[in-house]
Amino acid sequence: MSDRLKPLIGTAATRPLSREEAEFAFECLFEGEATPAQMGGLLMALRTRGETVDEYAAAASVMRAKCHKVRAPNGAIDIVGTGGDGKGTLNISTATAFVVAGAGVPVAKHGNRNLSSKSGAADALTEMGLNVMIGPEQVEACLMEAGIGFMMAPMHHPAMRHVGPVRAELGTRTIFNILGPLTNPAGVKRQLTGAFSPDLIRPMAEVLSALGSEKAWLVHGGDGTDELAISAASKVAALEGGQIREFELHPEEAGLPVHPFEEIVGGTPAENAQAFRALLDGAPGAYRDAVLLNAAAALVVADRAAHLREGVEIATDSILSGAAKAKVALLARLTNAA
C-alpha cells in the first residue's frame, strides 16, 4: 500500500481529472496500491461530481491494458449492455449475439452474471449448457471455430479483484457500472452497446471513439432498458468515422410491430432459457421481435446489412434456418470440451 492516490481524491471531488491524472489513479486501484477507504473515496468523489469522458476513457484504457486479451476475427462485434436497468427482461442481448453469429458475423461477447435481471448473460448461457468459466485461449478457439465466444468478465479482468470488495461494500453505482461494455478483452472495434440511462449514450460513444472504435451504436430503450426497445422508441448515439449522430429509433422503422413491455419480462434462469430455446425454434412474439430489432442494429453496425429492414430479414433467416440454434449447440460442445 502507498499514499500515492491520496492527493487525487480531494482533487477529484473539486474538478475533473485530466486523462493522465485519471490513468494514474486507476493504475493505483488496479495494482492494489490503495486502501479500501481510498478506493471508496475516489469512486464516490467521481460519482458525486459526475464522471467525465476523459475519466471514463482513462479507466477503460487502464483496465484494457491489464486484462487477459483475446484474439478475435476481423470484423468481430460485441453486443452487450451495462445492466443495472432494473427491468428484469428476458435475455435479449445474449439471444441477439447468437442470431448475429448465425448470420455470419463474428461475435466476441463480454458479459457477467445478473446485474439488472434474475438472469444475466452468464446465467442464461450456463442454463443452456455452456461452460462460461473458460480462459482466453479457449475463447479464441471458440471464436475461430464457432464464430462466437463468451468472455466472462472475472476470467479476463484479474485486476478487478482489488476493487470488487469495495464496490460491494459501497452498494451503489460507480464508474465501474459502465466499464464492462467499454473493456472488451478482444478489443473489438464495433459494438452494439446498451446503457441503463439515456444520459450515458453520448459519453459512452465519445469514450469508444477515443479508444479506437470504428462503428458503434450506443442505445437506451424508451421502456428504460439497456437495449433497443420493442415497446417504445429508443435513443441512439451512433458512432461512425469519428462522428457521433444522435437520433430516436422506433420499432416500426425496422418493419416490426410494437409489443407491450410486459411480454418481454423474464424470470429465473431456467424460465429465461426455456424462452430462449423457443425463440431459437422459431416461436413468434415480442421476444423474437425484440431480438430481431437488436440483431438488425448489430448487423448494420457490422456492415452486414445496409439498413434495419434488411437486418431484420437476415436475422429472421438466421433463426428460421436453424443457424442461430446451431451456434448455441456448437458453442456448448466447444466450451465443455475446453
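The backbone N, Cα and C atoms fix where each Cβ goes, glycine too.
What you see is a predicted model, and the numbers here were worked out from it, not measured in a lab.
Now, the feature entries from Swiss-Prot:
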- G81, 84-85, T89, 91-94, 109-117, A121: 5-phospho-alpha-D-ribose 1-diphosphate binding site (BINDING)
- G81, N112: anthranilate 1 binding site (BINDING)
- S93, E227: Mg(2+) 1 binding site (BINDING)
- R167: anthranilate 2 binding site (BINDING)
- D226, E227: Mg(2+) 2 binding site (BINDING)
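On the structure: features taken from Swiss-Prot.
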residue	record	DSSP class
G81	5-phospho-alpha-D-ribose 1-diphosphate binding site	strand
T89	5-phospho-alpha-D-ribose 1-diphosphate binding site	strand
H110	5-phospho-alpha-D-ribose 1-diphosphate binding site	strand
R167	anthranilate 2 binding site	helix
D226	Mg(2+) 2 binding site	coil
Cα proximity to D226 (Mg(2+) 2 binding site), best match among binding-site residues G81, S93, H110, N112, R167: G81
Whole-number Å value for how far E227 (Mg(2+) 1 binding site) lies from H110 (5-phospho-alpha-D-ribose 1-diphosphate binding site) (Cα to Cα): 15
The one of H110, R167 whose CB sees the fewest other CB atoms within 10 Å, among these binding-site residues: R167
Sparsest Cβ surroundings (other CB atoms within 10 Å) among the binding-site residues T89, S93, N112: N112
Cβ neighbour count (within 10 Å, all chains shown) around D226 (Mg(2+) 2 binding site): 28
By Cα-Cα distance, the member of binding-site residues N112, R167, E227 nearest S93 (5-phospho-alpha-D-ribose 1-diphosphate binding site): E227
Binding-site residues near E227 (Mg(2+) 1 binding site), in sequence order, restricted to G81, N112, R167 and a 10 Å Cα cut-off: G81
Inter-residue Cα distance where the pair is N112 (anthranilate 1 binding site) and T89 (5-phospho-alpha-D-ribose 1-diphosphate binding site), in Å: 16
